Amino acid sequence: MFSPPRAFSGRVSSIIPSGTPIVRPIGHLFQNGSTTKTFVAPTDELDVEVELGFFIGKPSEHFKRVPITEAEDYIFGVVMVNDWSTRDIQRTEDFPFAAFNAKNFASTISPWVVTLDALEPFRIKPEPRIEDDMLPYLTDPNDSTYDIPIKMDWRIAGTDEIFECTRTNLRNTYWTFKQMLTFQTLAGCPLRTGDLIATGTMTGPDLSSYCSLVEKTKAKTELITTPKGNKRFFVEDGDEINYTAWGGSDTSNAESGKVGFGECRGLILPAIL
């Protein structure tokens, strides 16, 4: 399922810094029991995606593929990314096409760009992958990724409850930054300074490391029950989501890391009707 790499092109107009409120989107939703008839309403399935992303530091030539041995030269630094998504709107768009309004309204990023030089002490070997997936252009003689833990805290609206919902690590991504960049240019797409490439959800092997709520709730069939007994399928108005990440081994708190990424925070506001 990972070959070729899976990706989609986004937009820059709704990339926003940490702390910017998120207005609940509206869009087309399926009518009850229908897979063809829709109506327009606020999403009932506002989801998060726990990701990292990297900024491009220099442009590449149009129609010139960037070989994997040169890919790192194009990467300036890394940020946290919350690629907010609406799963009910997405269902009306996915087949036979792809998500559009379901994923174009906001992507929150952390305000600090952490350079690869700063992350060098945390460079590690990737997890083993399927040999047949590693086509020649994706085969890296210096294959590496980074040990970057990231966690998601969820503040429940109208309460004092803040709980850790997810903890994962960049090492859980199947493809490395270099492979993602090389794949981006495979058909000849040029890179521009300031482009942002995100990893997608960095879901790990168990429930505590699942990086979206559609995964955690098994497609809205199992409620999330918080430590204080609050219940959620997806993010509700007044809830606040915050990511923190750091370089180094995954310990009990971010302060133990040597390199921090700041915050990636978003408060949900009601839809504008």
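Keep in mind that glycine also has a Cβ here, set from the backbone N, Cα and C atoms.
Note that the structure is a prediction, hence the values are computed from the model and not measured.
Residues or ranges marked as domain 'Fumarylacetoacetase-like C-terminal' by TrEMBL: 4-245.
The feature Ca(2+) binding site is assigned by TrEMBL to Glu49, Glu51, Asp83. Secondary structure at Asp83 (Ca(2+) binding site), taken from DSSP and collapsed to helix, strand or coil, is coil.
The Mg(2+) binding site feature in TrEMBL is assigned to Asp83, Lys103, Ser107. Cβ neighbours of Lys103 (Mg(2+) binding site) (same chain, under 8 Å, six or more residues apart in sequence): Gly10, Asp83, Trp84, Ser85, Thr86, Gln90.
When secondary structure is read from DSSP and collapsed to three states, Gln90 (substrate binding site) falls in the helix class. The substrate binding site annotation in TrEMBL covers Gln90, Thr201.
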Check: Taking the Cβ of Thr201 (substrate binding site) as reference, which residues of that chain separated by at least 6 in sequence fall under 8 Å from it?
Finding: Glu49, Val50, Glu51, Cys211, Ser212, Glu215
Note to self: I want the residues beyond Asp83, Lys103, Ser107 whose C-beta is within 8 angstroms of the mean position of the Mg(2+) site's C-beta atoms, in chain order.
What the structure shows: Gly10, Glu49, Val81, Asn82, Trp84, Ser85, Asn104, Ala106, Ala198
Checklist line | Neighbour-count leader, CB within 10 A, binding-site residues: Glu51, Asp83 | finding: Glu51
